[in-house]
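So the structure is just underneath, and the comments pick up after that.
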Amino acid sequence: MNADREVLLVVHPDYDTTRSAAREVSAKFSKAGIRLRVLDKEVRDLIEPNQGLGSPCLVVAPEEDPAEGTELVFVLGGDGTLLRAAELARPHGVPVLGVNLGRVGFLAEADFDKLEDTMQRVVERNYRVEERMTIDVTATCDGEVIAETWALNEASVEKSSRDRVLDALIEVDGRPVSAFGCDGVLCATPTGSTAYAFSAGGPIIWPDVQALLVVPSNAHAMFARPLVVSKDSEITVGIDPDGSTAVLTCDGSRHFDLPAGTRIQVVSGRVPVRLVRLWDGPFTDRLVQKFALPVKSWRERHARGTE
């Protein structure tokens, strides 16, 4: 086995195809001399009764920096699984490759039916790496830092109680823009513009556009439109000191309670996330395919007898 090549496998254990896919990955990489690392919390979900994974692997714990020294992180799952993998890979500059076992899987580079081709590209080192912008997030209250974190997709500041409105003030580069009552405010990257921010009514930003996105959620105001600002800007979401408490959530997985009066600063991240790319098609094609967008006018469909 080539000890110089190691790949960390991260999976979503609840999909029907996860076990079989993991065994395929294990067998393929073992045959190619690539040692597979598997997270200890996922091993039991992957092992078939009386069969194991099919090939030797190294079991590692998340707190042991499992991605350090690996060639890439190979993900079997959806976007949530890939975001979890990115959290392991980012500190070490290790690229992440996603194979979608879920529904949309916007961040994934391949679908399950392309698993064999995807593994072969890894074996041949026939892939490129693309850097994606992140955001750094700092929450302060009464002059003290109460949370420091980051996100690849988005940071959301949302009311912590359903029966209260969150009173928020939006500032850009230290200047107030708008204040309103709302359910929350999202600060997103171009990568995150196709995720939660998109569902909240924000625009889609092409990933090579260096910008930050601010999207109010259910704001009760005349001016509460999404904002696209420079990547060099600092966005601040201020929570009314006399208002309700809130919750900061980054990439849907890291949660921080915020007392009234908290200020949340969002800036472009110092450390990007690196994604493996196998196919050279434009982002527009990916957008159309992933969201199954109609690209023919009703006249064209009618002329062809499909309407």
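Including glycine, each Cβ sits where the backbone N, Cα and C put it.
Of the listed candidates (ARG164, ARG175), TrEMBL assigns ARG164 to the same NAD(+) site as ASP79, GLY80, ARG84, ASN153, GLU154, ASP183, THR194, ALA195, TYR196, ALA197, PHE198, SER199. A sphere of 10 angstroms centred on the C-beta of ASP183 (NAD(+) binding site) encloses 18 other C-beta atoms. ALA197 (NAD(+) binding site) sits 15 Å from ASP79 (active site, proton acceptor), taking the CA atoms of both as reference points. Of the listed binding-site residues, namely ALA195, ALA197, the sparsest Cβ surroundings within 10 Å are found at ALA195.
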